[in-house]
Amino acid sequence: GTLITISSFSWFSMWMGLEINLLSFIPLMNEMNNPLSSEASFKYFIIQAISSMLILFNFLSFLIYKEYLTPLNFLIELIFDSALLMKLGMVPFHFWLPEIMEGISWTNTFLLLTWQKIAPMILIMYNSQMNFFLISIIILSLLISGINNWNQTSIKKILTFSSINHMSWMLSILLLNQSLWMFYFIFYTLISLSMILMFKKIWTPSIQDFFK
């Protein structure tokens with residue numbers, strides 16, 4: 001699904017790749033021994049479906065009424081960027097991410113923090129320029145993720161807000177230097193993998209457990 005999205009030449013196949021990505025990740029979230037996983041997968045499906053619906057609405061309205069929507073190009077780009085930022089879990093569309101992270105396994109946590117971010121970020125790179133809206137989102141995400149991390153005890157929530165913070169830096173780099181973004185993303189993925197493997201092995205849901 002990710003490869004279809006980032007290598008497609010049409011809007012519809014981009015959307016189709018995002019849907020394949022979504023529908024293939026949801027079965028991974030459902031685990032027999034985790035009572036919170038079904039609630040987390042349902043929330044994830046609802047949020048991703050809403051953002052996918054906005055993206056499809058955007059594409060179709062632009063394709064059908066292209067000659068009439070020229071004055072509204074900025075609004076269309078705003079809706080498109082908002083839908084992709086919702087998929088990424090950026091502020092102010094981030095409320096679903098900490099809740100879902102608490103209900104999934106460490107393996108799915110790693111996938112949600114890394115692989116699931118690739119397709120939306122590449123689409124932002126292809127279709128967006130640095131504008132006031134994106135700059136505002138980046139600054140808000142940096143501030144709010146930093147503030148929310150102050151009094152957290154849950155390891156998964158700390159990783160979530162840390163991810164939002166890193167995504168802000170990645171977005172700012174992405175729109176300026178793509179090769180530097182790739183280096184940052186690979187580095188971030190390797191660090192996340194090493195941390196999550198450690199937490200998975202010693203099972204530390206909170207900071208207190210980690211110090212014990």
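Quick reminder: no glycine exception, Cβ is built from N, Cα and C everywhere.
Automated prediction, rather than curation, is the source of TrEMBL annotations.
Among the features that TrEMBL reports, domain 'NADH:quinone oxidoreductase/Mrp antiporter transmembrane' is placed at 10-202.
The transmembrane segment annotation in TrEMBL covers 12-30 (among others). Within the chain, the transmembrane segment (12-30) has long-range Cβ neighbours (under 8 A, six or more residues past its boundaries) at 1-6, 37-38, 40-41, 44-45, 48-49, 52, 55-56, 59, 87, 104, 107-108, 111-112, 116, 119-120, 123.
Feature annotation from TrEMBL assigns transmembrane segment to 42-65 (among others). If you look at the transmembrane segment (42-65), the same-chain residues 6 or more away from its ends with a CB under 8 A from one of its CBs are 11-12, 15, 18-19, 22, 25-26, 29, 76, 79-80, 82-84, 86-87, 96, 99-100.
Summarising the annotation, TrEMBL assigns transmembrane segment to 71-97 (among others). Residues 18, 43-44, 47-48, 50-52, 54-55, 57-58, 61-62, 116-117, 119-121, 123-124, 127-128, 131, 133-134, 137, 140-141, 144-145, 160, 163-164, 167-168, 171 of the same chain sit 6 or more residues outside the transmembrane segment (71-97) yet have a Cβ under 8 Å from a Cβ within it.
Summarising the annotation, TrEMBL assigns transmembrane segment to 109-126 (among others).
The annotation transmembrane segment is assigned in TrEMBL to 132-151 (among others).
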